[in-house]
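Remarks on the structure that follows.
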Amino acid sequence: MKEHKARKRFGQNFLQDTRIISDIVNAVRPQADDVVIEIGPGLAAITEPLAKKLNRLHVVEIDRDIVCRLKTLPFADKLVIHEGDVLQFDFNGIAGKKKIVGNLPYNISTPLLFKLAEVADDVVDMHFMLQKEVVERMVAAPKSNDYGRLGVMLQYFFDMEMLIDVPPESFDPAPKVDSAVVRMIPVKHRIGKADDFEHFAKLVKLAFHQRRKTIRNNLKELAGDDDLQAVGINPQDRAEHIAPEKYVALSNYLAGKAV
């Protein structure tokens, strides 16, 4: 079979480091009857060892040439191939609690993570290869430089941990950035639940719109000083100083006032 060339428009960098591949599969801990979805199987580096342990493996792939390759693999009878754009994929269309895994295309990682947050209630866990800088933002704590909108929104849905550092030479072609594997487990006992999630999401987006400004300035169209102080937020603080649960509390307080 002719060699597949990585396509830049699909953000393709193919994992080839056998140690990293083994570490990822061990982290996923696949059991035969698990419902597992792999995003972007590529040249099947993770697909093959997963398929060996599973009765069935769902794969989502946009590249038609790779889809054709997948159909010729010795374990193709174990694969359920979903050809198309993962940003349009209906994860709820696959029954059961799911494990989701993948070497995510870095050019769509943020919108894809937000999409996956919407199906968190039907997920056991997720393991993703991402740009290391993105993982650092996902797991960042308040008062750190990496803490921002992405971290607040994903920490609302998931407990997250950076598991594996992955250097550029682990891929072909080698990306220009370091990568990392993150584990994401849906939060079972949330500190606070947003009464109006759309309002909460809008509030967080506004809060981090201009990082150097105070929370008072960034949220002036939604909240006054009295509102901020009512939930224990100092109006002079910047957005990165405020914990996720404080954003939830503020959103609920403002939503309650509007009723």
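Each Cβ is built from the backbone N, Cα and C atoms, and glycine gets one as well.
For the S-adenosyl-L-methionine site that Swiss-Prot gives as Asn13, Leu15, Gly40, Glu61, Asn103, the extra residue drawn from Asp77, Asp85, Asp121, Asp122 is Asp85. Among the residues Asn13, Leu15, Gly40, Glu61, Asp85, Asn103 said to bind S-adenosyl-L-methionine, no two Cα atoms are farther apart than 20 Å.
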